Amino acid sequence: MSYANYRYMKARAKRWRPENLDGIQTSDEHLINLFAKILSKHVPEIGKFDPNKDVESYISKLDQHFTEYPSLFPNEHTKRQYTLNHLEELEQQFAERMFSENGSLTWQELLRQTGKVQGSNKGDRLTKTFEGFRNQLDKVQFIRKLMSKANVDDFHTRLFILWMLPYSLRKLKERNYWKSEISEIYDFLEDKRTASYGKTHKRFQLQNKNLGKESLSKKNNTTNSRNLRKTNVSRIEYSSNKFLNHTRKRYEMVLQAELPDFKCSIPCLIDTGAQANIITEETVRAHKLPTRPWSKSVIYGGVYPNKINRKTIKLNISLNGISIKTEFLVVKKFSHPAAISFTTLYDNNIEISSSKHTLSQMNKVSNIVKEPELPDIYKEFKDITAETNTEKLPKPIKGLEFEVELTQENYRLPIRNYPLPPGKMQAMNDEINQGLKSGIIRESKAINACPVMFVPKKEGTLRMVVDYKPLNKYVKPNIYPLPLIEQLLAKIQGSTIFTKLDLKSAYHLIRVRKGDEHKLAFRCPRGVFEYLVMPYGISTAPAHFQYFINTILGEAKESHVVCYMDDILIHSKSESEHVKHVKDVLQKLKNANLIINQAKCEFHQSQVKFIGYHISEKGFTPCQENIDKVLQWKQPKNRKELRQFLGSVNYLRKFIPKTSQLTHPLNNLLKKDVRWKWTPTQTQAIENIKQCLVSPPVLRHFDFSKKILLETDASDVAVGAVLSQKHDDDKYYPVGYYSAKMSKAQLNYSVSDKEMLAIIKSLKHWRHYLESTIEPFKILTDHRNLIGRITNESEPENKRLARWQLFLQDFNFEINYRPGSANHIADALSRIVDETEPIPKDSEDNSINFVNQISITDDFKNQVVTEYTNDTKLLNLLNNEDKRVEENIQLKDGLLINSKDQILLPNDTQLTRTIIKKYHEEGKLIHPGIELLTNIILRRFTWKGIRKQIQEYVQNCHTCQINKSRNHKPYGPLQPIPPSERPWESLSMDFITALPESSGYNALFVVVDRFSKMAILVPCTKSITAEQTARMFDQRVIAYFGNPKEIIADNDHIFTSQTWKDFAHKYNFVMKFSLPYRPQTDGQTERTNQTVEKLLRCVCSTHPNTWVDHISLVQQSYNNAIHSATQMTPFEIVHRYSPALSPLELPSFSDKTDENSQETIQVFQTVKEHLNTNNIKMKKYFDMKIQEIEEFQPGDLVMVKRTKTGFLHKSNKLAPSFAGPFYVLQKSGPNNYELDLPDSIKHMFSSTFHVSHLEKYRHNSELNYATIDESDIGTILHILEHKNREQVLYLNVKYISNLNPSTIMSGWTTLATALQADKAIVNDYIKNNNLNI
């Protein structure tokens, strides 16, 4: 081995440090210890086998070895493989042939039938030992762990690894693959015995002293090498350059390289002596290959010296059917159009066949990747790196545990498992085993569990996740906001040095609150398990993690840290300050037992990649992969692919000047009336867009300390603006660009109004920057008259201008004039507005501007973005530009907006309820109905189930329920009272009042037999008492017809008095009461009263004061008329004959007048049948005018009609239509309900009401908790209790009703309403209950 080879090997070995390497699973600890002892020369010897000795003794030793290390030899296969590796080559071939013929042979039988086993030297045995277990361990992890354990010199260990990599950790059939490895290892293998390492090391040390700074390049082995002479690269970078190679023998051949993305092929030189891939400028131009600047310019030596300052993006190329992805340096001249270096071939495991002049790709073998080291200054925090921590159950942190709050406890999830193929079954078992071992999951007995599914990782492996979608429907949302990207970037301004930290298994660092674990149960073929840590997939996890990390970081996040989920960026203005900041953050993470993923961390960088941007001191640019996504886009074949392309472009829109002008030819193809036809115009448009992205502009961080300039302009159809800031070189650099189309109404504005609209829209767009400036910022406009309109203090010309001037008062600015020729940027933006941006609706000039009821403030945007994280579909749209383009959805200021200019919101959230409340209760329309409210809200917002949620809210609105009348058909079918068996058993009574006074009487007592329909009419007064009524009933009814069995009457105080109760008890009849103001309950009496009144009008209409004189005639006329229900006269049914009604007529007597005679029984039977038939007809007719009965349950809240029942009715047209609500106590009949009335009115009204007088009170505590109309609250007598709903305090109060001052009511009202009614008693209650208002 040459000295140069040794120096190179040593440099490579030094870069591989054990402390930078990942750990390995503890289940393989025995194997680690075994090989650590091998390297430490403490190998447990099985013994060199003598072929002349007994085979059984060697089998015994092997069996003992297998028993000592059970985890290394878990099955027959591993033991048999180990045995094969300890046979000589011929015996090994013989044994393998035997096993192929008989796969059931054991390792003992293989040894016995082979006949002899020959040991070998230590190096060979070590090699075979590694080979025997190469498939049991991940090679990279195994080597890293091994290096950290070996008690040998680090240098020797690393050289040993260099030897083992190509020779021992390959599959058997590729044992000779090491011959094609890099020549340093090939040369080193000439002296591969570990015993000679030390001698070689000492020899090279002596050589090194003598040679001093001798060049690494030797003339005899660099003749054909090409040198890279870097112009701006340090010596350290130069020594570690991956293109350096001083010993490799050069081989060249030319192949045709296919570029499928660009549909072309180019001759390509395969040059093992080349140090980098190169391509000529002519080739780049000919095939329109996208390039970008290369910051590390180099001078490329050789025959064609070139200065290189550009390179291509990563291109997909195909060589002999082998697909690779690589980039090329662009040179002016070269012998071939392109060249591919040995490094590219090596990185892609491509081997050159010099005899066949072809390439072949070997199976990929993972490489040991250099990972970032933890700087020495932070070594004290080494114990929080993933390399020193395996995943384990974290300790709970009080107040930061993950809580799973459900909207209901009695829920059931669908029981189903997703089918899993064998490959995924193995991945599932690995995940379950690892989770059980680390303690983050455990077996569960939960009755509800969600299924598991698998998603691919970036590296191609599978990740098991739980599909918590069914559970998320019942999880209460977490409204903690996720930070806005723009606000995070704004905090970085002024920083020059950055450190990025990434948390390892971030979600699994948070414990689940004790008692909530069963809610996170998941189901798989192995059983049911539950998480003890916060899992992925639960809807509230992102918000809780953001709250968790913000709490851990504390005040640091306000000064020197920005974090988005598990990505943490520490930024400082100086190196010394940065060390303090990093230590502060690491200490906070250490205190919380959090672990960082060192492989993804970057320390003390001048620029970093963070949340999709490359961030530096100067500003931020988009990440290269997002740019490459556009640069590599093929020509769209249809509208769907074109929308996807424009979606990717729109994501980078803020970095592409004149976006709309560039996309205009493409947008034309998306119009409905345009036929799809791809022309060179569209092709050129895509090329122009790609060219703009080759070197995107750097947008500066906004700095509140720097001067601000806002340039605006308006064209006929659009407005535009650019926001800039003045930097130390006295130049203005852009912070952002803005352009927007005008609506149809805005197109009709005057020129001055359009120019002012440009200012208003720009200020709204950058409000978070411009509203809080201390010094005034400048606004430049090219419309001179606009300055006077804004600075003029006279009365505004119209309401729109008045609103604008009021809006401008929130900003501190001065406006100046600049001609349009100088204001070129804003002028261009106003004329080149992005046609993909939605046009706002025509609502600017409406007299009632419903759309602007909700102001789109920053707080509102934050709340919307937070809600997005809890909705899987909207979160997918937020993160997937292609999906947005496909569904014609825009992303504007963090909000998703559809083609109708509606903001998309998650369904049924606190935010949507707030929006409904704003428009329904606080809008310019007074409590609009369902349809009107839906149409108003749909002008600006939409979400799934919007109509259903609005309907629920309006139906639950207390104000609407008690004040709006119902137009539906009355409730409750007619329930006729069954007829009695004979006359005068069942009677009905009532009074006809409001009659003119006649002979001292002003009322009429009416008694009707419900069987015969006979009526008894007795004149009386309105002031008749219960005692007088009883005497009158005794003399005029009982004396002639005997005692009745039951009497039906209304709830008049006479019939409910104690006197009447005693009278009923004396004559042994039962009183039944009809419902108040429900005439259908006792329809017979009502009908009789109507007939009597009609007859009285006929006989005394000219002399109404003589009605008493005609009562006997009216009674006789009524009782001798054939009744429609019985088809007979009442008199005939009762007396069994028909009296003479005129002097010419004789009475008709029956031969059998005995009531027990057969004829009388037959008559009664016929009457009863007629009554039943009449009841059926009457019910059928009545029920045609009603709707299905509303069934109430005890405990339901109902309202009582005021106007129809007179219940709590105040003679006031503005009084509420309903009283209540009241609780239902019980059902007292088919259609009647008894209500729980307040004690103060129980004596005034019956507590039983027919269902037709009731309306269900819809009460959803999440929507509206108040049950009292605030206008009805008079004096508050007492406060019973309080509740908090949605941060609003509600009080349950007893009060005197304003509508009925004699009535004491109770119900729920808001604190604000209660304070207006009685401030003193409310304040006393707050003080006594220690309420924090």
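Backbone N, Cα and C atoms are what each Cβ position is placed from, and that goes for glycine too.
Among the candidates ASP502, ASP516, ASP628, the residue that Swiss-Prot annotates alongside ASP566, ASP567 as binding Mg(2+) 1 is ASP502. ASP271 (active site, for protease activity) is surrounded by 23 other CB atoms, counting those within 10 A of its CB over all protein chains shown. Contacts of ASP566 (Mg(2+) 1 binding site) defined by a Cβ separation under 8 A and a same-chain sequence distance of 6+ are given as ASP502, LEU503, ALA506, PHE545, ILE549, in order along the sequence. Rounded to a whole number, the distance between the Cα atoms of ASP567 (Mg(2+) 1 binding site) and ASP271 (active site, for protease activity) is 42 Å.
For the domain 'Peptidase A2' (266-342), the number of residues in each DSSP class (helix H, G, I; strand E, B; coil) is 8 helix, 43 strand, 26 coil. The Cβ of ASP502 (Mg(2+) 1 binding site) has 16 neighbouring Cβ atoms from other residues within 10 Å, across all protein chains displayed. Annotation for ASP567 (Mg(2+) 1 binding site): spatial neighbours LYS500, LEU501, ASP502, PHE610, ILE611, criterion Cβ-Cβ under 8 Å with sequence separation of six or more. Residues LYS500, LEU501, LEU503, ALA506, CYS563, TYR564, MET565, ILE568, ASN597, LYS600 surround the recorded Mg(2+) 1 site, their Cβ atoms falling within 8 Å of the Cβ centroid of ASP502, ASP566, ASP567, which are themselves excluded.
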